[in-house]
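**Q** What TrEMBL shows for this protein is this:
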- A:63-134: domain 'CP12' (DOMAIN)
- A:CYS78-A:CYS87: disulfide bond (DISULFID)
- A:CYS120-A:CYS129: disulfide bond (DISULFID)
Amino acid sequence: MMSTTASHGRVMMLPSPSRALQNQQPLIGSDMFRLKQTEPRGSRLVVAATAKYKGTKMREEKLSEMIVEKVKEATEVCEADVRSEGCKVAWDEVEEVSQARADLRIKLKLLNQDPLESFCQENPETDECRIYED
Amino acid sequence: MAVSTIYSTQALNSTHFLTSSPSSSSKQVIFYRRQTNRRFNTIITCAAQQTVVIGLAADSGCGKSTFMRRLTSVFGGAAEPPKGGNPDSNTLISDMTTVICLDDYHSLDRTGRKEKGVTALDPRANDFDLMYEQVKALKSGIAVEKPIYNHVTGLLDAPELIQPPKILVIEGLHPMFDERVRDLLDFSIYLDISNEVKFAWKIQRDMAERGHSLESIKASIEARKPDFDAFIDPQKQYADAVIEVLPTQLIPDDNEGKVLRVRLIMKEGVKYFSPVYLFDEGSTISWIPCGRKLTCSYPGIKFNYQPDSYFDNEVSVVEMDGQFDRLDELIYVESHLSNLSTKFYGEVTQQMLKHADFPGSNNGTGLFQTIVGLKIRDLYEQLIANKANAPTEASKA
């Protein structure tokens, strides 16, 4: 059972550690097949993590916009002189915001919760912590 | 490493108090009990706070790094951002470990770098003096107010308080750049991604963004390459372990970058670190586990092990090309590797299963990151055991 991830290609879908593993007995190949077959296909629950708070949604949008702007800027600056300092700094900025955008996406996915969760527990009245509704 | 602290002991009998001697090289705890006629004191010498410092050089941002999550998971507990502080903090904290992002030591924010014409890769954009002072302080058991570099705004935010942890990981572009910081590291790792794999990963990362195209992704990598080669890449000669990620050799003309060849290059002679080996330490082995006992699907799995030389250092290299498709392949491989520093049979497999949804869980990146995590645990336990053997003495006044 395979699924794709955003960054590094195929990811192995595996059943959770069996009783056998927990007893720390050596396992043989056929045991593994039995383990795998007891897990019905499609049983793994994948929760799509999306932004819960307005602040996170705003950050997502802002970063995506910045990528558009900065790619445009870098393309222009480098057209003039591809070896200039301005050119390499412009593309470095593109890299920085692209990574920040990806980090936010991954945080949402790996944490399976909004990164602002603990901040918003303490400060529920701020604008950032309004619940985002589509 | 002398730290002077005075503790009051309300919890104990109020006639007792403790002080530690500032002049000794290890912490001494002196109990005083005030009595009407005489002072009674006992001197107990204990080992100073031992913070183990690990450096990780990687060009993949901070905090989200799956390597960090695998590492902190080996020690137990999930690493989370500090609660209630700046929501854009890059720091991760778990029970045993604190992970600091070295971008926090940028001396120039995004505007400043633009004005000066330097990238974040350039040492001129980073405050190595502050990095050294703070890592040294944390290593000695002193809390620090560490700046925060906000990757969203590109500004330097107000600092956050970092308490000295048992294990401090400094992660970023320049952990081994400054010699003073290098000397503070108990273990260092360099994640070396080849250009083809970097390109494939960045395509996967960025293609969904409407601002990006194949051209922009390529141009960004090319533009950063000179600074990367000049400032970041040379650090790998100092690393105790290098994880090199290359395209597979099992599929001819593969350009998808999905199947990977990963090499774990381990320096020989590093204190408390015994390299992993296959079958016979110091020999050269080529191993394809797929055959009669184990059936693998295309393209299979291939292992190599050999002694080698890397930047004038003696090293041992374990290499895995291919992918795990099933659990039994993983456990079969684990059972044939030696010096894994596991606490029980199947621990590597169990750790990999715990994070089966992380990238790299089906290939050498996840496998070697997990193994390095276990090696660091082993190093930490040996270091602590060593310090605990410091002499204890008691005397009556």
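Here the Cβ of each residue, glycine as well, is placed from N, Cα and C on the backbone.
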**Q** Give me the non-local Cβ neighbours of A:CYS87 (disulfide bond): same chain, 6+ apart in sequence, Cβ-Cβ under 8 Å, ordered along the sequence.
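**A** The answer is A:ALA74, A:VAL77, A:CYS78, A:ALA80, A:ASP81.
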**Q** Say we define neighbours as other CB atoms within 10 Å of the CB. Which of the disulfide-bonded residues A:CYS78, A:CYS120, A:CYS129 has the fewest?
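**A** Selected from the disulfide-bonded residues A:CYS78, A:CYS120, A:CYS129 on minimum Cβ neighbours within 10 Å: A:CYS78.
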**Q** What kind of secondary structure is A:CYS120 (disulfide bond) part of, going by DSSP in three states?
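**A** Assignment for A:CYS120 (disulfide bond) reads helix.
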**Q** Could you find out if DSSP has A:CYS129 (disulfide bond) as helix, strand or coil?
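**A** Looking at the DSSP assignment, A:CYS129 (disulfide bond) belongs to a helix.
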